[in-house]
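If you check TrEMBL, you get these features:
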ACT_SITE  ASP144  active site, proton donor/acceptor
BINDING   ASN8, GLU381  Mg(2+) binding site
BINDING   LYS15, HIS203, LEU204, GLY205, ASN206, GLY207, ASP278, CYS279, ARG280, GLY326, ILE327, GLY328, GLU329, ASN330  ATP binding site
BINDING   ARG87  substrate binding site
SITE      HIS176  site 'Transition state stabilizer'
SITE      ARG236  site 'Transition state stabilizer'
Amino acid sequence: MEQILVVNCGSSSLKFAIMDGSESPPLMEGIAERLGSEHSIITFKYDGKKHEQPLHENDHRGAVTAIKNWIDQHSDLDIKLVGIGHRVVHGGELFTKSVVINKDVLQGIEECSQFAPLHNPAHVKGIKESQALFGDLPQVAVFDTAFHQTLAADQYLYPIPMRLYREHHFRKYGFHGTSYRFIEQKLASLDETYGQQNTLVAHLGNGASVCAIRAGKSVDTSMGITPLEGLMMGTRSGSLDPSLLAFISDAEHITMKQALDILNKESGLKGISEISNDCRSIETAQAAGDDRAELALNMFASKAAKHLAAVATNLDSVEHIVFTGGIGENSPVIRSKICDRLKMMGIRLDQHANQMCPRGEISRISKQSSSAFAWVIPTNEELLIAQDTLALINRPETEQHR
Ligand code: ADP
């Protein structure tokens, strides 16, 4: 069977999976971590077992080499790699869909680095190393931003001087697009009418955002020019009064960039709970009676509900609300707190179904009386990347250019 190597390069990590484009679990998956440090390691998960090894060449090239070596050492598995699919965080206004990577595309990804200075350069490294080590294997870029390129100008523009948009492309881009597209397709596959209906999706993981989808197209989303805007997240503050940045910087005698780091890395669930950025740990603390944990969860749910209501103003009605991401898929507590705050929209959760929904499966968790269906749908961004890659490499000439 034909397989795709899915690669997700971060600045100090590289996640990977070998997939055949079907729902079956990856043949192998893993992560290279702490790239650039002395202690970098790579972990392969295969056949229900985990194998960890140090990475002597401790950079992106070392990680890709280790993956290639693993494939070569497992010739008995008959892996037929036909392409490589790369997750790319920022595609700016250049990329409205997934594309086969050529010189122009690589240059375009580099151009978009201004808005994703940690991620896009890492993606470029990962792509170049994969090209060097896997030779002629076609490679495809799948962008987190692409799905939101359907937003209208009155949604994507910030109310700042137009000149700043014209000259610098400062606008809302939105993220988690691969997840939203996956969810939208999954929902559409459940019933032939669903694909034409109005849907709200809450992608709640360490990063969290919401999206309003009308007839399969994104019409609004909560993240902005970077993933900092919108909901309260694991360590990100989400939206707040921008003046706060100057106040923090003055009061703490730090630069704006350092103040921004506080909003990106020290805030959100972590900042409020002072326990962890991890929702599970906070729920455990809340169950043991910790007030700050309760406050953090309430704030998280409140911000999520507010942003869901806000993006819903772009829809004439709401037929579906979908929860996904690590928290959305696994936390009945958070889902319940959010739906409680959406009662004015007529959403009524079936508490039993909400508590009992089986991990990793699609579940309907709304009551019959609810104005919209509420769903839990597990996302699978890697699968969509593998499917896009397969589709594009089997359609050579038409989609090659950005
Ligand atoms: P990322 O944005 O890094 O991809 P994930 O989608 O994996 O994040 O989500 C990670 C979050 O999901 C963490 O906050 C984790 O605590 C939360 N999570 C995972 N399982 C559960 C659970 N059973 N209950 C509550 N939260 C959970």
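Here, residue 1 is simply the first one shown, and the rest follow in order.
Glycine is treated like the rest: Cβ placed from N, Cα and C.
Since we're looking at a predicted model, the values are computed, not measured.
Distribution of TrEMBL features across the structure.
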| residue | record | CB count, 10 Å |
| --- | --- | --- |
| ARG87 | substrate binding site | 22 |
| ASP144 | active site, proton donor/acceptor | 25 |
| HIS176 | site 'Transition state stabilizer' | 29 |
| LEU204 | ATP binding site | 28 |
| ASN206 | ATP binding site | 16 |
| ASP278 | ATP binding site | 16 |
| ARG280 | ATP binding site | 12 |
| ILE327 | ATP binding site | 26 |
| GLU329 | ATP binding site | 21 |
| GLU381 | Mg(2+) binding site | 20 |
Spatial neighbours of ASN206 (ATP binding site), counting only the recorded positions ASN8, ARG87, ASP144, HIS176, GLU381 and Cα distances within 10 Å: none
Cα-Cα distance linking ILE327 (ATP binding site) and ASN8 (Mg(2+) binding site), given in Å to the nearest integer: 21
ILE327 (ATP binding site) to HIS176 (site 'Transition state stabilizer') - Cα separation in whole Å: 15
Where ILE327 (ATP binding site) falls in three-state DSSP terms: helix
Cβ under 6 Å from ligand 1: qualifying recorded positions of ASN8, ASP144, LEU204: none
Local Cβ density at ARG236 (site 'Transition state stabilizer') - other Cβ atoms counted within 10 Å: 27
Longest CA-CA distance among LYS15, HIS203, LEU204, GLY205, ASN206, GLY207, ASP278, CYS279, ARG280, GLY326, ILE327, GLY328, GLU329, ASN330, per record bound to ATP, angstrom: 23
